[in-house]
Structure formats: C-alpha cells, structure tokens
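Novice: Okay, here's the structure, questions in a sec.
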Amino acid sequence: MTSEIITSKDLKKMDPVFGQHSFDNHEQIVFCNDKDTGLKAIIGIHNTVLGPALGGTRMWNYANEWEALNDVLRLSRGMTFKSAITGLNLGGGKAVIIGDAKTQKTPELMKRFGEFVHSLSGKYITAEDVGMATEDMDTVREVTPYVTGISQSKGGAGNPSPITAYGVFMGMKAAAKFQFGSDILEDRTVFVQGIGNVGEGLVEHLMNEGANVTITDISQERLEEVRDKYGVKIYSGNDIYSEEMDIYAPCALGATINDDTIYKLKAKIVAGAANNQLAEEVKHGLILKERGIVYAPDFLINAGGIINVYAELENYGRQEIMRKTENIYNTTLEILDNSKVNNLTTHNAAMNIAKERIEARKKENLK
Ligand SMILES: NC(=O)c1ccc[n+]([C@@H]2O[C@H](COP(=O)([O-])OP(=O)(O)OC[C@H]3O[C@@H](n4cnc5c(N)ncnc54)[C@H](O)[C@@H]3O)[C@@H](O)[C@H]2O)c1
C-alpha cells in the first residue's frame, strides 16, 4: 500500500473493498445510504488501538464510488499515524459524503449522517473536512455526541486553521534548525503555495519573523487580499518548482511532490500544511533525501487541527492546545535527527515512530 496516485480505471480492476488500492488492514468500513435525504456516505475506521477513530468528514463530488472509497481508505489511514505521532490517544478514521457540498448539503442530510455516526457508539468521532463547516458539525451534534469541531458558542474549540498554521510554522522552524543550523527564518526565502485558511496564518507568522515570503494561489482575489494585508510578493512566474528558494510550503493540494516536480525543486526544505504532499511516499521520500532536501512530514507538522479538536474530548483549554502544538517543533527535530542517524527518509522515520507507539499500546492492551 502506498499513497501513489491511481486512476479510477485502475481502481475498478481491483477487488471492490478488501483488495482496493488504499486498503491497509482497515478495521471497519461502513456504507451509509438514505433515500429520503439522498445521503450516500462511507465511514472508514482504520485503527482504534490508541483510541476512538477521529477524523473529519469530506463532502466531494467524486467521479465514482471507487474514488470515494479510495479517498476514505487513504485519509482514514493517514489519521491513524497523525494522531499516533502527535501522542494523542486517538485512532484513525475519516468519512466521505458523495455529492456537491454547495448544492446537495442539507441539514436533513447532515442529521441523517450524524445518526449513522451515532450508530457506531463512539468508535468513530467526526469533525469537519473539505466541504464542511462548523455549522454542519453543530447540526450533527443535534443527533450525536460523537462529533468535534463544533462552534465555540456550543462548547467547541472553534476554527482549527490558526492552530494548524502555528504547528506548520513550528515544524518549519525545526526543519530550518536541522538544515541550516538555525531556526531563525528572518530573510529566508519562503514560497507559500495556497493562501487559504492555513496558508494565510502561516504567512502571518513568517512575516512577523521577517522572512522573505512569496505567495501563489489560483484565486487572484485572495492573492491581492493577502498581499495588501501583509506586504508579501505575489509569484508572477509559471513554474514555482524551478524557482530558487529556501523553503517550499505546500498549503493547497496534496501530491505536489511528484515525478514532474521533484527533480526541478530547488528548495532546501519542504514544509507545509497540505495532506499527502508526496505523490508516492516511499519513492518520492527517497528522492528528496538523495537530493539533500529536508522534508518535514506533513502528517506530523499539520497536526495542530487534530490537537485543537482533541481538546474538545479531553476538556483542555487554549494554553494546553498551544503547548501541544508548539511541541511539534521538538517532535520534528527528533524525527529529522533520527532519520539522519538511521539513514532513513524523514517520512519513514516518522512512520516508524508512529507504528512503534501503536504496537506498544497493542501489547499493553493484551496484558
Ligand atoms: N484547516 C486545517 O486545520 C488543516 C489541517 C490539516 C491539514 N490541512 C490541509 O492544508 C491544506 C490547506 O487547508 P485550508 O484549510 O487552508 O484550505 P483552504 O481551502 O482554506 O485553502 C486552500 C487554498 O489553496 C488554493 N489553491 C487550490 N488549488 C491551488 C493550486 N493548484 N495552486 C495554488 N493554490 C491553490 C485555494 O484557492 C485556497 O486559497 C489542505 O490540503 C488541507 O487538507 C488543513
């Protein structure tokens, strides 16, 4: 199993569920259907050794069911390792709702989805992901307590993006310490790709530290807004991968480190918020290592969001959220050092530690 990009034509050639490309010993996969609301959803529970499987719900207009299934399998697996490496007592899960969030999402559909979540008795806990907003989680909360990411006015921890941005910043500083011998980002050239909720927060931290920031986004409006607010440069070329820079921060989509981009990359560090930045974890992790580019594993440095929602379950406040998020600096540095000592890719070094934690707990649970 790898995170390799695969076409839906190839997916259809495999066994429908357990033989599917991204299937990786998932514990449970739940298919949810409701004729009246038009709900078609899949809940993927990858692993619950460390605790209940927590992960957001994504609503997306998938081209077909294979793509939806592949996505939920891949995303739920990612959550297992994200929580494990961050030291949270959570397992990995995720849900997808098939449909257009702009036109097909209704409160009735969200409530029906919530009832399916409730039927799992807390084994899966949901939150927001692409296509979902805090208000949707508030609607789900009307039918089940197994939901996080609800509004602050309803006792939730609120928008996770600023916390995610802070964690990415911490991870980036640790990568700079490892690569350059100093974590001070003043005058470092940083390209931030995608200046959405997290990207903008990252730009703010970088500008406060005096970094030399260039931004890129598909939305011209966003670019101008962020430029005017922080005084950053808008990228005017047409291939950011070939540009001279110290740090490349992917904060838009996954798989931007792929066969087409990896040999062009001039950055000395890759550190950003996007999930699944390496199109193929093993292969591209190795090429980055060979090229001397330090990759701060995405699932490690973008964990601020999950730390934020975990606070809702554990009832801890803002101070503890910030302390845990700041600790991403130490964990990143430890993993980068470990990768050097053991001659591993940084991705594999992080995965090994996450897997060791799960295995140790599994043994304890058997006692
Ligand atoms: N929000 C969180 O707390 C959180 C937590 C963990 C991981 N992430 C991941 O971080 C990334 C950013 O999250 P977000 O909440 O800021 O999302 P967002 O939707 O607010 O922002 C994404 C931005 O990327 C831009 N974009 C899209 N395609 C692009 C392209 N090809 N080139 C350049 N820009 C492009 C969009 O216009 C948008 O401004 C996502 O991959 C998300 O999965 C977010």
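Note: Cβ is positioned from N, Cα and C throughout, glycine not excepted.
Sharing the features that TrEMBL gives for it:
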type: ACT_SITE; residues: Lys94; note: active site, proton donor/acceptor
type: BINDING; residues: Gly194, Ile195, Gly196, Asn197, Val198, Gly199; note: NAD(+) binding site
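Buried or exposed, and what's around them? Tell me for each listed feature.
Specialist: A 10 Å cutoff on Cβ-Cβ distances gives Lys94 (active site, proton donor/acceptor) a total of 29 other Cβ atoms nearby, all chains included.
In sequence order, Ser161, Asp217, Arg222, Cys251, Ala252 constitute the residues six or more apart from Gly196 (NAD(+) binding site) in its chain with CB-CB distances below 8 Å.
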Novice: Can you tell me which of these recorded positions sit near ligand 1, meaning the Cβ is under 6 Å from at least one of its atoms: Lys94, Gly194, Gly196, Asn197?
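Specialist: Result: Gly194, Gly196, Asn197.
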Novice: Distance between Asn197 (NAD(+) binding site) and Lys94 (active site, proton donor/acceptor) at the Cα atoms, whole Å?
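Specialist: Distance (Cα to Cα, whole Å): 21 Å.
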Novice: Can you check what DSSP calls Gly196 (NAD(+) binding site), collapsed to helix, strand or coil?
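Specialist: Looking at the DSSP assignment, Gly196 (NAD(+) binding site) belongs to neither helix nor strand, so coil.
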Novice: Who sits close to Val198 (NAD(+) binding site): which same-chain residues at least 6 apart have their Cβ under 8 Å from its Cβ?
Specialist: Ser161, Thr164, Ala165, Val168, Cys251, Ala273, Asn302
